[in-house]
Amino acid sequence: MRFNLDSLSLEQKLFAAILAIGLAARLFCLFVLPDAALSDSLYHLGITRQLVEAGTLPLDDPALHVPLYYIATALPFMALPVPFTLASAKLFPLAFSGLQLFLAFVLLRRIFPKNYLPGLAFVAVHPLLVIFGAVNYVETFASIFVLLCFYIYWRFAQTGERIFLYAMPFAIAAAALSKLSATILVPAFFLAFLYELLKGKHASGQGKQERVKGIALFVALTALLIIPWFAFSFANGTGFFASQQDLEIAASSPAVAGLSPESLLMLPAGFNESFWFFLSRSIGSVSLPFSPSAAFLLFSVVTGPVLILVFYGLTKGLASRERHSIVLLLCFALMAVLLAARGTKFIHSRLMVPAIPLFGIAVSNAFVHLRNVNWRRLLLFLFLLTALYSLAFSCFYSMHFAQDNSRHLPLYEFIKGLPQNSVVAVHPNKARQVEFIAGRAAFPYKAAFSEMDSSQLYAELNALGITHVAATCYKNPWGMQAIDEMLTLELLGQVYADECSTVYMVK
């Protein structure tokens, strides 16, 4: 069957199929992947719960960078007679994921009235957006305001309507206060909007005084909405102004930070791996029925050209001097700065999530400019394979962590029955579950514990006030030789065991 380049009906059907695959993957993850399975999700929900129950934010927490997500998720529970539970909190990923898709549709339909499906399919099926859109991670929430900033900028550039002048500062402030990986994109939107006020096609019809008033209003309102929080954060040494260990490592030792010449040669493959959230990296040391290296090679062959397609759309837009492509390039450059600063060992995939929906614009633009029939066929086929990978992987990811969570629920139930003053030492990825679900203090396992013999470890546990040690079946960090020696010496006593976990009391 030949493609009809005039109607593109077959392409539209295939892109609609990819869109359907993305929606199916999103719904599956939403219903299967529990928030309790992911440590960071419980961290965010813990702050929301504190705000709901106590009316306060942990402002002394250096990890609390920006507050908007916690305020937005706490308000419904504070205003309505709805109890805060893990089940009720699941409504937020559903709402935010839906808003992300809706805004992507509206934006792409405005820019590409006849070619919006490729970009929308990209947004719908991207594995990072699928998986992290299913749980209470802030990145999906932040991506909504990034999309909103782009939409308002685009509409103002096209129409010059003043309503967008008033709306843009609020959108920029919301993006800046939602997540630091969205905050870093703010200069791109601020400068692009400022340029439209100065040199845009609608600015030429205005008098100098009117343009100055518009610029002053935009700058002043944006500063008023953003600066107070960051001034407060700076004064308290929290959030972005706390110690940034990754930045310090990168500055002091580029080789240690993963910036060696060898790593730079592998950067394209590494970026592609992180951009599409490859299986081996995102799951960790999980048993696979196939060779990870062979799977990675196949994965790179399939997804690499699709990523190149994104950059092809970006470069074609830049060559045509399309304003939105310039803003996209600025966003990508700022995202790259963040990735380079944070990438001490590998590119941290989640940092890209707020910006990824914008690259749907580049995908649509690529299919607008790509005229070669064979290339279109090949890339569409690879795009479909990438979508199937996203569906299979996101389903596997969700079931993997859902199963892990269910296996540890009896452990959390037992810990819930321990005395209130108990402190449980456990793997860092289970510490927040112990605190959120079981309601007991947790001490994350330290790597230094593995270098201690039984007497040193026992002394350290007592010095830290740890009352119990929990060994889990997933990523159990404890050196069992030291544990067995302490059991023999009756320094520890086993108080709970199931097929997955064991709890020891420190005597």
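Here, residue 1 is simply the first one shown, and the rest follow in order.
Using the three backbone atoms N, Cα and C, a Cβ is placed for every residue, glycine included.
The transmembrane segment annotation in TrEMBL covers 63-84, 91-111, 163-194, 215-235, 294-314, 326-344, 350-368, 380-399.
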Among 91-111, 163-194, 294-314, 350-368, stretch most in contact with the transmembrane segment (215-235) (C-beta, under 8 angstroms): 163-194
- request: Go through 91-111, 163-194, 294-314, 350-368 and flag the stretch with the largest number of C-beta pairs under 8 Å relative to the transmembrane segment (63-84).
  value: 163-194
Field: Of 91-111, 163-194, 294-314, whichever stretch has the most CB pairs under 8 A to the transmembrane segment (350-368)
entry: 294-314
Residues from the same chain, set at least six apart from the ends of the transmembrane segment (163-194), whose C-beta lies under 8 A from its own: 65-69, 138-139, 141-143, 145-146, 148-150, 152-153, 155-156, 214-215, 217-219, 221-222, 224-226, 229, 239-240, 323, 326-327, 330-331, 334-335, 337-338, 350-355
Field: Distal contacts, the transmembrane segment (294-314) - CB-CB under 8 A, six or more residues away
entry: 122, 269, 271-273, 275-276, 278-280, 288, 325, 328-329, 332, 359, 361-370, 378-379, 382-383, 385-386, 389
